[in-house]
Each structure stands twice: as C-alpha cells, then as structure tokens.
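Visitor: Starting off with a structure, shown below.
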Amino acid sequence: MGKGDPNKPRGKMSSYAFFVQTCREEHKKKHPDSSVNFAEFSKKCSERWKTMSAKEKSKFEDMAKSDKARYDREMKNYVPPKGDKKGKKKDPNAPKRPPSAFFLFCSEHRPKIKSEHPGLSIGDTAKKLGEMWSEQSAKDKQPYEQKAAKLKEKYEKDIAAYRAKGKGEAGKKGPGRPTGSKKKNEPEDEEEEEEEEEDEDEEEEDEDEE
C-alpha cells in the first residue's frame with residue numbers, strides 16, 4: 001500500500017474484513033493471553049461467515065459501505081507525492097516478482113477445484129485453496145517451497161543483471177547489448193507464465209477479502 005506515504009488514505013475494508021476484525025476482538029476479550037493460530041482462525045471465520053444469515057451480514061455490509069464512502073471522500077482530496085509509484089513499475093522489461101509456494105500450489109490445484117465445483121465463485125475458490133494449503137503437511141508443502149526458492153534465486157540473479165544493464169546503458173548504447181538481452185529473455189518467458197498465474201491468484205485473494 002502507501003509504503004512511503006503516511007498521508008495516503010487507509011484502504012477500504014470489505015464486509016468480510018469487518019467481520020474478521022470483530023471476531024479477532026471477541027477472541028482477544030475471551031482469551032487475552034493466548035496467541036492466535038491465523039490459519040485456524042481464518043478457517044473458523046470463513047465457516048462462520050458462510051452460515052450467517054443475510055440479516056446478520058447486513059451490519060457488516062453497512063460498515064463496509066460507510067468505509068467505502070470515507071475512502072472515496074479521502075481519495076478525492078489525496079494528492080500522491082511527486083514521482084511516487086508511477087515511475088517504479090513502468091519498465092515492462094524488468095524481471096517480475098517470483099510466485100510464492102502458495103501461489104504455485106494454487107495454480108496447480110485451481111483447475112481441479114474448478115472442474116469439481118464449476119459454479120464456485122473466484123472468492124470461494126480462493127478460500128478453498130487457502131483451506132487446502134493450511135491442511136498440507138510440511139512434507140507436502142516442500143516441493144512447492146523448493147520450486148519457489150529456485151524461482152526466487154533466479155529472480156535475484158535477473159534483477160541484479162537488469163540493474164547492472166540499466167547502469168551500463170545509461171553510460172553507453174553499445175550495439176553488442178541486444179544479443180546479451182536476448183539470452184536473458186528466454187528463461188524469463190517461463191517466469192512470465194508463472195507471474196501471470198501469480199497475478200491471477202492475487203486477484204483472487206483480493207476478491208476473497210471482499
């Protein structure tokens with residue numbers, strides 16, 4: 001979010017996010033000294049939300065509506081700092097962030113869930129994937145974590161080369177450059193595919209929160 005800008009309006013919260021916040025406060029009151037197992041806690045909240053009536057949910061939906069109005073109002077008056085964000089993500093040739101172990105797991109299991117539950121919404125699919133992931137043992141998660149670690153390693157090499165190339169090109173535009181960059185782009189194709197899946201998962205996670 002607005003990492004370096006403390007004046008940026010706080011993001012709007014969904015009805016489900018307000019519900020989770022309420023659950024968390026209830027839990028703190030009942031068990032002030034116990035720590036929360038987030039995977040277990042999220043699962044319980046999700047199950048409880050599904051069983052709630054429209055009337056029970058309406059309270060949280062009203063809270064979300066008023067928070068959205070607050071956010072829209074604040075965003076109208078918000079002026080982002082000069083050179084913020086916009087300049088950062090402009091270069092399409094920059095190496096893309098590698099997917100996490102969870103995103104790799106999602107891209108592998110999502111087609112199966114979609115075929116088993118064709119009418120399932122994007123948000124519910126993401127919830128189901130989150131539940132499946134939290135039920136995996138450390139041994140089951142290992143292959144995804146190893147693959148994610150390799151992709152991260154590759155990304156770190158690519159980003160270092162990309163930055164070095166940027167510095168070099170700032171000083172000179174040599175004709176020998178394109179050959180080197182062509183070699184770089186081939187392995188990046190694979191990474192782009194992974195990244196597309198990651199973006200899709202991130203969208204799903206956002207929808208899940210709403």
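Glycine is treated like the rest: Cβ placed from N, Cα and C.
Straight from Swiss-Prot, here's the annotation block:
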- 9-79: DNA-binding region (DNA_BIND)
- 95-163: DNA-binding region (DNA_BIND)
- 52-76: compositional bias 'Basic and acidic residues' (COMPBIAS)
- 107-117: compositional bias 'Basic and acidic residues' (COMPBIAS)
- 137-150: compositional bias 'Basic and acidic residues' (COMPBIAS)
- 162-172: compositional bias 'Basic and acidic residues' (COMPBIAS)
- 187-210: compositional bias 'Acidic residues' (COMPBIAS)
- Cys23-Cys45: disulfide bond (DISULFID)
- Lys3: N6-acetyllysine (MOD_RES)
- Cys23: cysteine sulfonic acid (-SO3H) (MOD_RES)
- Lys30: N6-acetyllysine (MOD_RES)
- Ser35: phosphoserine (MOD_RES)
- Lys43: N6-acetyllysine (MOD_RES)
- Cys45: cysteine sulfonic acid (-SO3H) (MOD_RES)
- Lys90: N6-acetyllysine (MOD_RES)
- Ser100: phosphoserine (MOD_RES)
- Cys106: cysteine sulfonic acid (-SO3H) (MOD_RES)
- Lys114: N6-acetyllysine (MOD_RES)
- Lys141: N6-acetyllysine (MOD_RES)
- 52-150: region 'Disordered' (REGION)
- 162-210: region 'Disordered' (REGION)
- 165-180: region 'Required for chemotactic activity' (REGION)
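What's the neighbourhood like for these features in this structure?
Guide: Summarising model confidence by region, the DNA-binding region (9-79) averages a pLDDT of 88.
With DSSP classes pooled into helix, strand and coil, the tally for the DNA-binding region (95-163) is 56 helix, 0 strand, 13 coil.
Panel annotation: around the compositional bias 'Basic and acidic residues' (52-76), residues 9-19, 22 of the same chain, lying at least six beyond its termini, place a Cβ under 8 Å from a Cβ of the stretch.
Long-range contacts of the compositional bias 'Basic and acidic residues' (137-150) within the same chain: residues 98-105, each at least 6 residues beyond the stretch ends and with a Cβ under 8 Å from a Cβ of the stretch.
Classification of Cys45 (disulfide bond) by DSSP places it within a helix.
Mapped onto three states, the DSSP output places Cys23 (disulfide bond) in helix. There are 17 other Cβ atoms within 10 Å of the Cβ belonging to Cys23 (disulfide bond).
In three-state terms derived from DSSP, Lys30 (N6-acetyllysine) belongs to a helical segment. For Lys30 (N6-acetyllysine), no same-chain residue lying six or more positions away in sequence has a CB closer than 8 A to its CB.
Following the DSSP three-state reduction, the secondary structure of Ser35 (phosphoserine) is coil. For Ser35 (phosphoserine), no same-chain residue that is 6 or more apart in sequence has a Cβ closer than 8 Å to its Cβ.
Other Cβ atoms within 10 Å of the Cβ of Lys43 (N6-acetyllysine) number 16 in total over all chains.
Around the Cβ of Cys45 (disulfide bond), a 10 Å sphere holds 18 further Cβ atoms from the protein chains shown.
Residue density at Ser100 (phosphoserine): 16 other Cβ atoms are found within 10 A of its Cβ, drawing on all protein chains shown.
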Visitor: Could you state the whole-number distance in Å separating the C-alpha atoms of Lys141 (N6-acetyllysine) and Ser100 (phosphoserine)?
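Guide: Approximately 11 Å lies between the Cα of Lys141 (N6-acetyllysine) and that of Ser100 (phosphoserine).
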Visitor: Output, ordered by sequence, the same-chain residues six or more apart from Lys114 (N6-acetyllysine) with a CB under 8 Å from its CB, or 'none'.
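Guide: Correct list: Leu120, Thr125.
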Visitor: So of all those recorded positions, Cys23, Lys43, Cys45, which one's Cα sits nearest to Ser100 (phosphoserine)?
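Guide: That would be Lys43, the closest of Cys23, Lys43, Cys45 to Ser100 (phosphoserine).
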